[in-house]
Amino acid sequence: MTDCRYYCMIQREERRQLGGLSPVKYHGKWPFKRVSVFQEPLSAALSALNLLTHFIGWLSFFLQVNYRLPLRPQTKRTYYEYTGLWHIYAILSLNAWFWSTIFHTRDIDLTEKMDYSSAVAQLGYSLILTLLRTFNVKDEAGRVMFAAPILAFVTTHILYLNFYELDYGWNMKVCVAMGVVHIVAWTTWAVVTHHPSRFKVWIVIFGGALAVLLEVYDFPPYKGYADAHSLWHASTIPLTYLWWTFVRDDAEFRTSTLVKKAK
């Protein structure tokens, strides 16, 4: 059924092209040219690169906080208060990019829902982590107060997408809204903080804002391969690399500050 739909779409697009007409979306998606089993080869490849970039960033962070920075002498745990939260962030990011790779390789109902659900879960958790770090929330009660309403909303939204209606337009609005809150929170933090690596946050904020425009202002795939969404995938690779360097810098900065206080 999927192959039949694909070849019918390609034939229709070829006739439209001969008639001088622009490409149109089918079932909410642009017509892409396949390469072997890959339905959207460029997006699939770039998703895999994002997955690899997150893994390398997480691994370097793990090695730094556990083996290169001092540990608390009594508990042998890290000084950095957000270590566990960044580990969860990494796991959700790896999961999101894994399903993005699978979905862009083979677009079926299951892979589509897993891709959208994983992306929303990662974005929602990232919003929680953003607020906890920018407001410097360290106590458990405060973290629960920040996290609970966002978790409730994100969970409800994921259930809505999976069991009621996979509304692309509504999902885009939700994701853009959470993205805007990210940008506002980190921008405010970067303005008021004296963090030595705040310039990295500025670069990621500016680059992320431009990347969001690629998701909002969509255009058909060039030569059947490169659309706005695939370019968004490309833009997130260097931003992800830079972001993990900031996380490592933040761990080192906070650890140094806490060690000095302990002395």
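Note that Cβ sites are derived from N, Cα and C of the backbone, with glycine treated the same way.
Curation plays no part in TrEMBL annotations; they are all automatic predictions.
Feature annotations, courtesy of TrEMBL:
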- 42-63: transmembrane segment (TRANSMEM)
- 84-104: transmembrane segment (TRANSMEM)
- 116-132: transmembrane segment (TRANSMEM)
- 144-164: transmembrane segment (TRANSMEM)
- 170-192: transmembrane segment (TRANSMEM)
- 199-217: transmembrane segment (TRANSMEM)
- 229-247: transmembrane segment (TRANSMEM)
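Residues 82, 85-86, 88-89, 92-93, 95-96, 98-100, 143, 146-147, 150-151, 153-154, 157-158, 161-162, 166, 171, 174-175, 178-179, 181-182, 185-186 of the same chain lie 6+ residues outside the transmembrane segment (116-132) yet bring a C-beta within less than 8 angstroms of a C-beta in it. Using a cut-off of 8 Å between Cβ atoms, the transmembrane segment (42-63) and the transmembrane segment (229-247) share at least three residue pairs, counting only pairs 6 or more apart in sequence. Tertiary proximity for the transmembrane segment (84-104) is limited to same-chain residues at least six positions away from its ends with a CB under 8 Å from its CB atoms, namely 38-40, 43-44, 47-48, 50-51, 54-55, 57-58, 61-62, 111-112, 114-115, 118-119, 121-122, 125-126, 129, 132-133, 233, 247, 251. Sequence-remote contacts of a segment are chain residues at least 6 beyond its ends whose Cβ falls under 8 Å from one of its Cβ atoms, and for the transmembrane segment (199-217) they are 172, 175-176, 179-180, 182-183, 186-187, 189-190, 228-229, 231-232, 235-236, 238-239, 242-243, 245-246, 249.
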